[in-house]
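Written out below as structure tokens is the structure these notes cover.
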Amino acid sequence: MSNTLDEYYVEILWLVKQAGSIIREKIYQHKDVLTKSCDVDLVTKWDQEVEKLLIDGISSKYSSHRFIGEESTASGQKVELTDAPTWIIDPIDGTMNFVHGLPHTCISVALLINKVAEIGIVYNPILEQLFTARKGQGAFLNGAPIHVSNEKDLRKALVMIEMGTSRDPEKTKIVLQNLELLAPRVHGIRTLGSAALNLSMVALGGVDVSFEFGIHAWDIAAGDLIVREAGGVTIDPAGGPFDVLSRRVLCASSMELAQQVSKTIVQYYPERD
Ligand code: IPD
């Protein structure tokens with residue numbers, strides 16, 4: 001199995017690098033933008049092209065592999081996570097940033113086998129940040145090992161949050177409530193506009209916590225493995241085990257910190273993937 005995983009890893013890295021050059025070439029050019037679930041849920045033809053490149057590349061080598069992709073799902077494909085090798089793909093995470101030319105945007109790809117994450121890759125081709133992890137083998141930024149901060153105290157934590165890509169009034173209210181609850185209790189609040197990069201920043205030790213409600217499996221599957229391989233934890237924001245299809249995530253540098261955040265915030269339960 002490990003030889004096969006080595007082969008998958010080499011193959012996907014090569015494809016992700018190729019896909020990255022599309023994002024690098026297009027980010028500062030004019031793009032035609034379409035909307036999906038609401039007027040801030042954006043998509044461009046480049047999201048679709050990157051996803052196609054990755055899925056075609058993997059399928060041509062491994063015909064039995066399955067996919068959960070952001071844009072395939074938007075086109076009507078059902079999200080189904082079985083025990084089969086499944087690639088969970090966000091072709092451009094941070095599409096809003098990509099549309100505006102803000103260089104915090106990335107490709108996020110995870111491989112799950114028997115529903116367990118084996119490979120996680122988050123690649124920002126603009127800033128040349130390649131975050132990688134394989135189960136049991138550590139996490140890396142551009143090939144150098146990375147580690148979470150080990151912060152355990154909420155009062156000293158730097159926290160990533162996101163408004164998300166929904167205009168739902170109940171969800172927006174809870175995001176703002178959580179901002180109000182956390183801001184006076186932590187060192188600071190940040191937002192990058194890409195869930196996958198937010199999680200990667202926890203892995204890097206640049207921030208101590210990231211949580212979000214309403215994200216999808218493709219936003220967080222790779223980041224989850226990268227955080228855990230960097231020594232951090234991923235849980236459900238209410239404190240239970242993480243479920244990649246639940247549309248809820250809380251990553252932190254330590255379980256102590258994750259639990260403090262979990263006890264502080266108001267919960268929101270979106271419909272599952
Ligand atoms: C979005 C980004 C954003 C997060 C949203 C995601 P997309 O992904 O990760 O940071 O707040 O919840 O949907 O649409 O750019 O792939």
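Note that Cβ sites are derived from N, Cα and C of the backbone, with glycine treated the same way.
The number of other CB atoms found within 10 A of the CB of Glu70 (Mg(2+) 1 binding site), across every protein chain shown, is 25. Summarising the annotation, TrEMBL assigns Mg(2+) 1 binding site to Glu70, Ile92, Asp219.
Residues or ranges marked as Mg(2+) 2 binding site by TrEMBL: Asp90, Asp93. Asp90 (Mg(2+) 2 binding site) falls within a strand segment according to DSSP. Cβ environment of Asp90 (Mg(2+) 2 binding site): Gly69, Glu70, Ile107, Ser108, Val109, Ala196, His216, Trp218, Asp219 lie under 8 Å away, each six or more residues apart in the same chain.
DSSP assigns Glu70 (Mg(2+) 1 binding site) to a helix. Within the same chain, residues at least six positions away from Asp93 (Mg(2+) 2 binding site) with a Cβ under 8 Å of its Cβ are Thr105, Cys106, Ile107, Ser108, Val122, Ser194, Ala195, Ala196, Leu197, Trp218, Asp219.
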